[in-house]
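Undergrad: Questions regarding the structure given below will be posed in turn.
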Amino acid sequence: MAGEMVEMEVNESAVGSSKTRVISYLRNAGFLEASDSIAVEEPLAIDILGPDGITVRAGVIMRTPVMDRYLVAGFLYSEGLISGISDIEGFEGVDEDGVSHQNHATVKIGKRIGFNVNSRLLNSACGICGRSTIADLLIRHGKIGTDTRIDSETILGLPTAMGRAQALFLKTGGVHAAALFDVQGRLHAVCEDIGRHNAVDKVVGYTLLEGKDTDNSVLMVSGRAGFEIVEKAFLAGFPIVSSVSAPSSLAIQIAEAVGITLVCFVRNNRFNIYSHPERIIP
């Protein structure tokens, strides 16, 4: 059944992900006061501690402080700074609830990493600046060629299933979401964040740290499907990306080149397929 939840191990109601503020609001030409829940946005500094004892700043991300462990792992993987979970020896500055309450996380890496910090993008708002070409992506991860297929009715049920699990959005109205579904439409995880790319990195980190399969999975996102969303999905091995909103031209180009089925405008009992439609069963 589409939207059946099988293992929601991810807790989006973590303390610190929202704050309450007294606001004034307009009703009937007059102002009233009420409490409003606000999504938290705070910086997270990510450092890498290599085997030589040298610490390098990998980035500073503006994020909602929940599931930082997944965010850090997904970010480092998407950036090509780790090749898999085996590269990570441990986390410092991340508490048992998976959150860095000091807004500073250090990842112990068991291999030497060489990269130019100044040439890397440290802002989660853009993906292509100084980054990958299609050829570079295909070097890191071969073209997706799975024979995975999914029923149209299952695709249509994904937004509702994701929306019901978006606890932080329902509370604040101020965050994006990314979700991991299998091709039977069963929901495995929903990750929310003030940044839509962060939400995807959290899903990617979840699959890495929890050992979840992506070969027969769908990445569902609540916002538009831009280049970086498709790039992250490809590097994580997702054959299908689904969005309730529009794709960008570059996202379509990347999806077509790397073998991803890109399905957008999934709403009101309809959707558009922009690349590799052979995976969708009418």
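Placed from the backbone N, Cα and C atoms, the Cβ positions cover glycine too.
Straight out of Swiss-Prot:
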- CYS126: active site, cysteine persulfide intermediate (ACT_SITE)
- PHE265, VAL266, ARG267, ASN268, ASN269, ARG270: Mo-bis(molybdopterin guanine dinucleotide) binding site (BINDING)
Undergrad: Starting from the Cβ centroid of PHE265, VAL266, ARG267, ASN268, ASN269, ARG270, the recorded Mo-bis(molybdopterin guanine dinucleotide) site, name every other residue in that chain with its Cβ within 8 Å, sequence order please.
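TA: Going along the sequence, the neighbours appear as LEU156, VAL244, PHE271.
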Undergrad: Counting every protein chain present, what is the number of Cβ atoms, excluding its own, within 10 Å of the Cβ of ARG270 (Mo-bis(molybdopterin guanine dinucleotide) binding site)?
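TA: Result for ARG270 (Mo-bis(molybdopterin guanine dinucleotide) binding site): 9 other Cβ atoms within 10 Å.
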Undergrad: Counting across all protein chains shown, how many other Cβ atoms sit within 10 Å of the Cβ of ASN268 (Mo-bis(molybdopterin guanine dinucleotide) binding site)?
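TA: Around ASN268 (Mo-bis(molybdopterin guanine dinucleotide) binding site), other Cβ atoms within 10 Å: 9.
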Undergrad: Excluding near sequence neighbours, so keeping only residues 6 or more apart in the same chain, what lies with its CB under 8 A of VAL266 (Mo-bis(molybdopterin guanine dinucleotide) binding site)?
TA: ILE155, LEU156, LEU158, PRO159, SER242, SER243, VAL244
Undergrad: Kindly assign ARG270 (Mo-bis(molybdopterin guanine dinucleotide) binding site) to one of the three DSSP-derived states: helix, strand or coil.
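TA: The three-state answer is strand.
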